[in-house]
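Chemist: One structure follows; several queries about it will come next.
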Amino acid sequence: MQVYFIHIFNGSRFLKSATLSPIKAVDLIRNEQVQAIIGPPTSAEAAFVSNLGNSSHVPILSSSATSPDLSPSQTPFFVRTAANDSFQAAPVAAILAAFRWHAAAVVYEDSPYGSGILPALADALQGVGARVMERAALPRDADDAAIDAVLYRFMAMPTRVFLVHMNLFTAARLFQRARNAGMMTEDYAWIASDGVGSVVDALGADDVSAMEGVVSLRPYVAMTSQVRNFSARFRARLRRVSPSADVYDHDPTVSMLWSYDTAWAVAAAVEAAGVSSPAFQTPRRGITAATDLDRIGVSATGAALLEAVRETRFHGLAGDFRLLDGQLQPPAYEVVNVVGRGARRVGFWTPEAGITQTLGADAARGLKRSIIWPGDETSPPKGWVVSPNGQKLRVYVPVKRGFKEFVGVQRDSPNGTANITGYCIEVFDAVISKFMPYPVSYQYVPYDDSSESYDELVSQVAQQKADVVVGDVTITASRMAEVDFSMPFTDSGWSMVVVVRAETSTSMWIFLRPLTTSLWLASLAFFCFTGFVVWAIEHRINPEFRGTPWQQFGLIFYFSFSTLVFSHKEKLESNLSRFVVIIWVFVVLILTSSYTASLTSMLTVQKLQPTVTDVRELQRSGASIGYQEGSFIKGSLLKMGFDESRLTTYKTAEDCADALSRGPGNGGVAAVFDEIPYLKLFLSQYCDGYAMVGPVYKTDGFGFVFPLGSPLTPDVSRAVLTLAERDEMAQIEKKWFGEPGACPGQQAAVGSSNLSFRSFGGLFLITGVVSGLMLVIYLATFVYRERGEVGNVVAEEEEEGGSAGSSSVRRLRAWLRHFDRKDLKCPTFKTWNEESVRDGSQTTRRWVDDTVRNGRGGANGAAPAAGEEEAVGMSPAFSISAGSEMINAGSSPASELGTSFEQRMQETSHSADVPHSHSVEMARSTAP
């Protein structure tokens, strides 16, 4: 098998590559019929050779062409036995995130190798909250003037973090010129890709000295005994091959190890694929080839060899050789620091753990603290400078005509200087002087053209005329498209202020106002429900809950509503109904107390009601409304549908109060729209007669303005949060706005004091559950206890056939009739029956004795008259039957009484209808 190696190792101190020209590549494939090519050294050369190999089916393997632009998916016969440069973007971004650097400038080689990493690098930096501020490309043969031009342009930028991605020779020249320009000193941070870190040990002492403090990357290779043995053999053979060359006194680079593993992979693939000799399919005869490319044949064994290379697995010098998607996947990166004569390891990066000090699951996060930065600094630089040219920051402030408590500008006439004060100014001074981790020098510059619109003031930062804007500038989405804002330091949102007027309650229906309609209806429903539950439980056992249907219906309402004034006098017999009434009385107590308190407040406390409560009401009426000049609220009002001709501007709090007091009928306004901080300040100065009403429309409050990507923004935001968490912020607000809540009486007076159903929802829930539960318990007990008796009644009716309808309907009617009867087993009716029966039996017994006695006398004496005989013949029978029944009833136990006294008298009357002779015989048989 023929394999061509492009990489050669000579006796020089650096690893060099032989240039593979297009003509030479064509000659190798067409004439030599090579079956694989290893080692196009650059990405540009690999791009051409890979296309050539793709057309001829000859595998092309490279361990140094790392540009992401070379895609094995687009050229299947190209195999990258090295790490893709895009893999370095994540560890570079992790280094920036570890030191909280939010911006960087990128200088890269002007070649496919240099520019290929840029898309992946931009995405990785964005993922950690950083961004590329500037980028510059340098060709390989750039002279010193071109390099100096790039460096001086970077010096004029506020960022001091620079990312370098280029080959070693161009990078060495770049750092030499940076040292001459004074950019390898303190406050600078240089991060280099593995194009520097992997081969920095091969540089001379002067080049390494120029890189002092650079942090770089290189793929991690474990220094095993196999690697040490190879390194010794490599140096020994290099001396034999080129005795006159300089001594190669360092270990092989990672690229060398990758090249060695690539040769082993091809050899293993040849054996696995069974390739023995070249076999090319030449173009068909008769076809005229215009170029040498057209005369190249197609390898018959290339596809099998490529597949074998992709499937090859072994542990090589550089680690596990395993190709994924046609390229090598590195397990980890080393983070090295260029110090002294070479690179020193300061940490690792892995996809799973990120930046760690050592490898392993328990490794400490972050890099080692022993990093030496440019200028021999041991503490990491902050990564940017406030002012690159050393001048103070230009802090623009608005010039306001009113509300100078926020920002006030007073110019002294003698020297023209301005005295700038206010709440926003004091907050910014406290943030910068007390809570920033580094000193910041600045000066205030009044901006006179800010009264009409703050958008013009904000644009001064975007146009780089101002470095910062401090004032009552609201954070909006449209402004954030041009500039960055710090965290807000005031309340957010905007609303409206209207006039309030005193209200006196003279309505004859004021007694209905303490409760809302929903609460009135709910109370009525629960009154009826509670009365029904008590009636249902009591009416079978309590005489006071019986009567005609209308009487019982009226009793349900009377009993429940009598609890309203606790005047219910009905005696309850069941513990279930007693428990229901206990809970209900508690609810009534709270409800009546709350009603009384609310009604008293309405009758005695003067109410302040706003003249306008809804924005839609303003839109329908077409009344004039006001807003503060220079505010963004005008645009928001126009979007809401307000007519621009109805919008009126005001400048000061006095103008606002005057416009509101005059009203829309006298040239004033019906409402004023403004941001919450302004409205709070206005209400603190004008307590009486005004109130903030309506919805609060969300905004992000006031913030400090910075250029897009300014490194000051995150630090100032953290300082603002620190200040807000301390008492100093409250003291500043108190100084400029007075005590918070200056009009508590007004705020308490404005609004409605009606009691809603939600206020008593818990009480109604409790009484509803208790009443329903007691009713269910009673009905379940009733059904279980009376099921036998009702069943007998239904059976008798079915046997007689006297009832129409289905069986279910008959059972329902039987249950309802039985439910409406008295429960004679209860103690109340049982005691009354026994007393009635006892009294009636004694009377009847005396009457029966007299009758029997008279009957005997009549037999011995004269015969009675016909009328008398009939009376005597019927009365004794009735008396004896009734008397016998009463005697038996009186002698039986009280628990066996099944009917009332009246029912027994009716049964006795029925027995009087029997014949006279039978009655006489019964009387004789019962006579003693």
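Along the chain as shown, residues are numbered 1 onward.
Using N, Cα and C of the backbone, Cβ positions are placed for all residues, glycine too.
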Chemist: Among 188-206, 264-282, 549-567, where does TrEMBL put the label transmembrane segment?
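Modeler: My reading of TrEMBL: the transmembrane segment range is 549-567.
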Chemist: Residues of the same chain, at least six outside the transmembrane segment (519-537), with any C-beta under 8 angstroms of its C-beta?
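Modeler: Same-chain residues near the transmembrane segment (519-537) but 6 or more away: 512, 545, 552, 555-561, 563-564, 572, 574, 576-577, 580-581, 584, 587, 591, 755-757, 759-760, 764, 767-768, 771-772, 774-775, 778-779.
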Chemist: Report, as numbers and ranges, which residues of the same chain sit near the transmembrane segment (579-597): CB under 8 Å and 6 or more residues beyond its ends.
Modeler: 514-515, 523, 526, 530, 533-534, 537, 560, 563-564, 566, 568, 572, 755, 759-760, 763-764, 766-767, 770-771, 774
Chemist: On the 0 to 100 scale, where does the mean pLDDT of the domain 'Ionotropic glutamate receptor C-terminal' (392-739) fall?
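Modeler: Mean pLDDT, the domain 'Ionotropic glutamate receptor C-terminal' (392-739): 85.
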Chemist: Counting across all protein chains present, how many other Cβ atoms fall within 10 Å of the Cβ of Cys687 (disulfide bond)?
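Modeler: Its Cβ shell of radius 10 Å holds 13 other Cβ atoms.
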